[in-house]
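Down below is the structure, laid out as structure tokens.
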């Protein structure tokens, strides 16, 4: 009897599923096959859907308190206004915390339940706040989340959030090393000409200026990082200590291939992105911390007369998330500009400082080397027909 030309669908190896989750948790979806990237979308999208539902639930008490009216905080806030300010302040923390909690669920079924509950909550809140006519918008948002998850962007985004939260201690150490730039930008903060620029520049021009400064620094970090990891991307070597590092992973029982398949363009881009994103997120947090420090300093030292003298503008209010708060627009503009300068300075220090590289960059490169060894084992273990990219392409 001739064998059938159609091969029966093979049952998925549990080790392969665990390996796929291992790569996704590390922000490397390009390592997986196209078929693997589009598996389990509903459960994998649960953290983002939960965060999205939390955002909608957060808007409900805001609506109940304000009744949709504009809120102007002038002088001493009332108890009602303090509640609104508190809700605005805790929103990012609460949304991130809920998404993180759901991401900690290891059971795929529990994640699927969480995703279903999240979408149901969004639908209920929309009906209460507006009407049924807005449900298609929520459905479109959920579909977009699924598409982003399948494309791998969700994995990279989730990895970035987790790494940012888990490295707050090292970011604190980086902030200490940024003390010179804080002292340097003090001269900028107390410069009346800079204040005049901050009070007259439009939000659009300021955004372009910040994007320009941050873009230059980011390109500098990306190019330097790509040059440092270029030899490893071309031919990762297996060492005994690497095998020990993979002992408690899904790749422990997978043998090393005789020769590792070259990385595709998408995989190389993914690897460089993970390394640079890790560094840029650290630098961005320090820049935001510096900007926040100057906002607080400005609220302490600025008087209406001094603000008028420096900025030639008597406006002392700004709008944040629809709430008018007693913080001058010029102060916010100036602090954002200082944050961009801080970002540029620390980026230059991060690339040229050997101590910084030894503390922050070298451990990342070593972990990435281990990940590439695991990638070689994974690619050798899966069926060749599942591999959807040829060497040097995607």
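Cβ atoms are placed via backbone N, Cα and C, with glycine included.
Copied from TrEMBL, the annotated features are:
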type     : residues : note
TRANSMEM : 41-62    : transmembrane segment
TRANSMEM : 82-101   : transmembrane segment
TRANSMEM : 113-132  : transmembrane segment
TRANSMEM : 138-161  : transmembrane segment
TRANSMEM : 168-190  : transmembrane segment
TRANSMEM : 206-226  : transmembrane segment
TRANSMEM : 283-307  : transmembrane segment
TRANSMEM : 330-348  : transmembrane segment
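Here the transmembrane segment (138-161) sits apart from the transmembrane segment (330-348); fewer than 3 CB pairs are under 8 Å, leaving out pairs fewer than 6 apart in sequence. Counted over residue pairs 6 or more apart, the CB atoms of the transmembrane segment (113-132) and the transmembrane segment (283-307) come under 8 Å in fewer than three pairs, which marks the two as apart.
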